[in-house]
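In what follows, a single structure is set out as structure tokens and then discussed.
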Amino acid sequence: MKTVCGVFMVLLALTVLLAYLPGNTVEAGSCSNKNCVSSCQGSGNSSGKCINSKCKCYPRG
């Protein structure tokens, strides 16, 4: 019983750490609208949007 409780506490602590530390979310690897718009505008496009975790740039004109 002591071992089961210890394992449960360790798993709980790891879950809390992963949930509240920055940079550990699934979205960290994907694009965000702010990054996408500035990246697209920097490459000469008029705008951009994050679709399915990928940047979609819209050309000028």
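Each Cβ is built from the backbone N, Cα and C atoms, and glycine gets one as well.
Per Swiss-Prot, the features are:
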- 1-19: signal peptide (SIGNAL)
- C31-C50: disulfide bond (DISULFID)
- C36-C55: disulfide bond (DISULFID)
- C40-C57: disulfide bond (DISULFID)
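Everything Swiss-Prot records as a feature, shown here on the structure.
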residue : record         : Cβ contacts under 8 Å, 6 or more apart
C31     : disulfide bond : C50, S53, K54, C55
C36     : disulfide bond : G48, K49, C50, C55, K56, C57
C40     : disulfide bond : S46, S47, G48, C55, C57, Y58
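Cβ neighbour count for C50 (disulfide bond) (all protein chains, 10 Å cutoff from its Cβ): 17. For the disulfide-bonded residues given as C55, C57, the lowest number of other CB atoms within 10 Å of the residue's CB is seen at C57.
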